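First up is the structure itself, then whatever we jot down about it.
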Amino acid sequence: YEKYEDITDESQREFFAPSLFQPTEEEAKIFHLERCLRILPHHQDTGGFFVAVISKTGGIPIHFGETSKQRSNREFSARKDAETAARLAAEGKEPADDGESKAETETKEEIPDAPITVAPKSSLASKAKAKETGRHSKEDPFMFATGERWDGVVDNLRSFFELNESFPSDLLMIRSEGTCPRIYLICEGAKKILQYEANQCLRIVNMGLRMFGKHSFRDADCPYRINSEGIAPLRPFMGTKRRVDITFDDLKILLTNEHPLFTRFSKPVQEKFD
């Protein structure tokens, strides 16, 4: 169907909405769709997005009026007060002032004052600050892999994987100063955003490609291995030191055997393994 009106079968119309179809030229001009961006899932292997910029034209009133729940509670309280007053009048009693009976007043007088403990200002301030700044503290912040320690790690990666000088090591990111199980690679545009002075307003949940992951082999020359998603972008920067060219027969051995012996591969591959 080209438009919603083309659906003549009423039983089919319930499965469609007018907004599923392309708007007319007049509608596009009214809504200024030329200022919007539509991203389909196959454009960048993600979900679908519709991007638009909305400008605030006025303030929002602080008082929104009485809600239906508040009105219902108010009417219920008024009705209960009226019933109580009518019952007391029928019994010849006076309604208690300020909603407190004499018994309640006597009970209050018998209760001794409880001791009041005031927390130190520093404790209250620290709790308030923790509450204010800890709303998004579950996510570890991204940091550039720079400094004395990480310069050594990057040099080790360059040497072990034979990465050439054009490899953008200044785009490597980490998420913690401790063990740091993963090292990410971002693009130049993302780096500029992170370096911008106003980037504190951003809450970054995730970013970049996971290039390197830490392994548990103690005696290895490099504590990191290449993640599968980082192989393609890393290949142009790698030399032949950590790359093995195999034949189709070698590939079949890898796919059909869980733990094949080196001797089953072709001679060039065996020499590379040695």
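Glycine too: its Cβ is placed from the backbone N, Cα and C atoms.
TrEMBL: automatically predicted annotations, no manual curation.
The feature domain 'SAM-dependent MTase RsmB/NOP-type' is assigned by TrEMBL to 1-57.
According to TrEMBL, the feature region 'Disordered' maps to 65-115.
Annotated compositional bias 'Basic and acidic residues' per TrEMBL: 66-111, in sequence order.
Residue counts for the domain 'SAM-dependent MTase RsmB/NOP-type' (1-57) under DSSP, split into helix (H, G, I), strand (E, B) and coil, are 24 helix, 6 strand, 27 coil.
The average pLDDT the prediction assigns to the domain 'SAM-dependent MTase RsmB/NOP-type' (1-57) is 86.
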